[in-house]
Structures are given as structure tokens and as C-alpha cells.
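Annotated in TrEMBL:
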- Arg39, Arg45: NADP(+) binding site (BINDING)
- Arg129, Ser130, Ser131, Gln250, Ala251, Gly295, Lys310, Pro311, Ile312, Pro313, Thr314, Arg336: FMN binding site (BINDING)
Amino acid sequence: MRYLTAGESHGPQLTVIIEGLPSQLPFSREKVDEQLARRQKGYGRGRRMQIESDRVQVLSGVRFGKTTGAPVTLVIENKDWTHWKKVMGTDPIPEYAEKRRVSRPRPGHADLNGALKYGHRDIRDVLERSSARETAARVAVGAVARQMLELCGIRVAGHVVRIGTAEAEATPDLPLEEILRRAEDSPVRCLDPQAEKEMMRLIDEAKKEGDSLGGIVEVIVEGAPAGLGSHVHWDRKLDARIARAVVSIQAFKGVEIGIGFEAARRKGSQVHDEILWAEDRGFYRATNRAGGFEGGMTTGERIVVRGVMKPIPTLYKPLRSVDIETKEPFAASIERSDSCAVPAACVVAENVVAWEVAQALMEKFPADTMTEMVEQVEQYRRRIARF
Ligand code: EPS
């Protein structure tokens with residue numbers, strides 16, 4: 001299975017083509033819209049989100065509520081496009097090209113590197129595509145993947161563990177239902193009410209100062225059987241693929257699996273998870289410090305992935321930069337921005353992880369129909385329970 005996304009932040013729409021989905025996968029547009037709406041929410045979002053109300057349109061590959069096996073095309077309109085028709089149009093309008101040219105690269109964005117690489121003298125040709133608006137498309141893909149995972153008994157949740165200096169208290173044993181419920185009820189997707197208050201206070205403070213805040217999100221996948229991914233080759237390791245997917249989210253700078261960087265401080269006996277066996281459970285682990293992975297394969301325990309997002313680089317507070325035309329220094333600042341998009345990024349992280357797990361599932365249980373896949377998964381679960 002694979003997918004491609006296309007579309008600019010202020011162009012007419014975002015487009016996704018997903019290829020290789022099995023047929024007979026129940027496809028609910030409402031479930032995709034639900035994920036899109038979750039991504040739009042979150043304390044600290046800017047004014048653009050008041051313009052957009054993301055809804056998916058399905059243009060191919062689905063009939064009577066099920067996939068046909070043909071490529072699925074999804075489209076999400078940019079409502080803001082109506083204000084940008086000329087500037088973002090495909091027809092050459094010389095006076096607009098000149099008047100609306102962006103020549104001031106913003107520190108922390110793709111602006112300067114993209115302009116150098118692609119030879120653009122109008123930085124808009126870079127920033128429109130590097131924008132995190134693209135994550136709406138990836139969330140739609142993840143929403144489809146989730147429908148596939150659900151049928152195989154796999155569920156995904158996410159929550160925010162840090163914004164700036166505010167950190168949520170760890171609650172590793174919380175049931176998934178509870179994580180889903182509490183995160184959904186929180187304006188910052190945080191499970192800890194004390195930390196939630198502090199996070200909101202810090203966001204207000206950053207906003208007032210014209211500054212921005214980053215944070216850490218955690219994604220949990222429950223119900224994945226042991227043995228997804230593979231130890232036999234580097235690019236088949238599922239933890240590595242998940243790491244790539246998470247770091248590819250706009251503004252993400254790092255990933256941890258399980259206890260992650262903490263493992264460097266501990267002795268081996270305090271890191272590895274002891275193997276236990278019980279008649280009714282088969283093999284399981286005493287702890288889950290590995291975050292659900294050993295040897296690039298799932299262990300059958302929860303997958304626990306954390307991603308760190310840097311503060312959004314579009315700042316009201318000016319940072320020094322240099323105009324690419326005049327070579328004059330200037331102070332980069334903007335008119336509109338999110339002051340914190342960590343809660344939204346948490347939803348993006350959930351959905352990119354969901355896609356990677358779905359893809360690994362398809363590799364282990366190749367199937368043309370969803371029924372075939374579910375049968376294989378159930379048979380495999382029975383086999384490893386008796387191992
Ligand atoms: C973004 C800048 C802002 C965000 C945008 C991502 O958009 P604008 O420049 O139109 O104010 O709102 O995020 C989205 C549109 C979205 O859907 O998440 C950026 O530069 O990355």
C-alpha cells in the first residue's frame with residue numbers, strides 16, 4: 001500500500017491517492033471527517049482554523065460504503081482559496097507575480113533552503129507546499145488506515161505529554177478507553193488536569209509575547225500482534241518506519257520509542273522487559289520499556305511512540321533574516337499564526353503511525369479483500385497463542 005499527497009496551503013484543495021487498499025473495507029466518510037475535525041481543534045490554534053472546516057470528498061475507489069480495491073482519491077478543499085485565487089492561480093498574471101513576491105525567508109521554515117534548491121525567487125513557491133496544511137491530507141489517510149486496523153482489533157490513541165515547560169504526570173497503565181476519553185475532553189489533549197492548566201497558561205503567555213511553543217506527543221497502539229515488521233532488513237523494521245513517519249511531520253525534530261533516551265541512563269537489567277508465559281495469554285512481558293518493539297518487530301505489547309515538535313517558527317516576535325533580493329537584513333515577523341499546534345500535531349502523529357501499522361499489517365497478511373486479511377490475522381493470533 002502506498003499514498004501520495006498533493007496540494008498547496010492556499011491552493012484550491014489537498015488531494016490524496018491511496019493505492020493498494022484491499023476491497024470490502026467499510027469506508028465511513030464520517031470517520032475521516034471526525035479525524036479531520038480533531039486535527040483542527042486545540043488550544044493555541046490561529047485564525048486560519050476559523051476559516052477552514054475540513055471535510056473529505058471521495059472521488060474514486062469507494063462504492064456503496066466500501067472500497068473496491070481501486071485507488072482511493074480523497075480531496076479536502078481549502079476554503080481560504082477564495083482569497084488567493086489570483087496569487088495562487090496557474091495562469092501567469094505578471095503584475096501579481098511581481099507585487100506579491102515573497103523575498104524574505106523566515107528562520108526555522110523551509111523558505112531559504114527550498115528557494116536555493118529549486119531556484120525560486122518567490123519564496124511562496126516553497127512555503128505553500130512546506131506548510132503544515134498538508135497534514136490534513138495525511139490525517140485523512142490515517143483515518144482510512146484506522147478503519148482497517150479496527151477490523152483487525154488494533155486501536156490507536158494519542159495524548160500531549162509536554163508543552164513548553166509543562167509536563168504531564170506519567171500514567172502508563174491507563175486503559176486505552178480512558179486515554180481516548182480524557183485526551184478528547186482536554187483542550188490541549190493532556191491527560192493530567194494540573195499540567196493541562198499550566199500548558200494553557202503558557203500558551204496564553206507565549207501568544208501575548210508574540211512567541212510560540214512546542215512540545216511532546218505520545219501515540220499508543222494497542223492490539224497489534226507480535227511480529228509486525230522484520231529484523232531481517234533495515235528498511236523493514238517497523239519502529240524505524242514509524243520514526244521516519246513521525247519526524248516527517250512538519251516541525252518534528254525527534255522520536256523516542258518506549259523509554260527512549262532514558263535507556264542511556266539505565267543499566268540493562270533496568271531496560272529490558274522480562275518474558276513471561278501464561279496459559280490464557282501465551283507469551284507476554286513483565287514491563288514495556290521497549291515500547292512494543294524488539295528487533296524492529298512488534299512484541300505484542302502496546303506500541304508507545306513519542307515525538308517532539310519544535311515551536312512553530314512563524315513568529316509575531318521578529319527574528320533576524322536577510323532579504324534574498326536586496327541582501328538587506330530585516331526582522332522576520334508575520335500577520336497570522338498558530339501560537340501552539342502541539343494538540344493538533346498529536347492527531348497528525350496518531351494518524352501517520354496508524355498508516356505505518358496498517359502497511360505492516362498488509363505486508364504480513366497480504367490480501368485483496370478485507371475478509372481475507374481479517375481471517376489471516378485471526379488465524380495468526382491463534383497460532384502465536386499456542387506457540
Ligand atoms: C501554517 C500556517 C498557518 C496555519 C497552517 C500551517 O496558515 P496560514 O499561513 O494560512 O495562516 O494555520 O495550518 C493549516 C492551514 C492547517 O490546516 O493546519 C504553516 O506555515 O505551516
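Note: Cβ is positioned from N, Cα and C throughout, glycine not excepted.
Remember, TrEMBL labels are computer predictions, not curated facts.
Feature annotations (TrEMBL) mapped to structure.
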| residue | record | DSSP class |
| --- | --- | --- |
| Arg39 | NADP(+) binding site | helix |
| Arg45 | NADP(+) binding site | coil |
| Arg129 | FMN binding site | helix |
| Ala251 | FMN binding site | coil |
| Lys310 | FMN binding site | coil |
Quick one: give me the count of other CB atoms within 10 A of the CB of Ser131 (FMN binding site).
18
List every residue in the same chain as Ala251 (FMN binding site), at least 6 positions away in sequence, whose Cβ is under 8 Å from its Cβ.
Ala132, Gly214, Met309, Lys310, Ile312, Pro313, Ala341, Ala345
Sequence-ordered binding-site residues from Arg39, Arg45, Arg129, Ser131, Ala251, Ile312 with Cβ under 6 Å of an atom of ligand 1:
Ser131
Just to be sure I understand the packing, how many Cβ atoms besides its own are within 10 Å of the Cβ of Thr314 (FMN binding site)?
21
Cα proximity to Arg39 (NADP(+) binding site), best match among binding-site residues Arg129, Ser131, Thr314:
Ser131
Most Cβ neighbours inside 10 Å, all chains, among the binding-site residues Arg39, Arg45, Arg129, Lys310:
Arg39
Please give the FMN site's span as the largest CA-CA distance among Arg129, Ser130, Ser131, Gln250, Ala251, Gly295, Lys310, Pro311, Ile312, Pro313, Thr314, Arg336, to the nearest whole angstrom.
45
Rounded to the nearest Å, what's the C-alpha distance separating Arg129 (FMN binding site) and Arg45 (NADP(+) binding site)? Just drop the number here, would you?
20
To the nearest whole angstrom, state the Cα distance for the pair Thr314 (FMN binding site) and Arg45 (NADP(+) binding site).
12
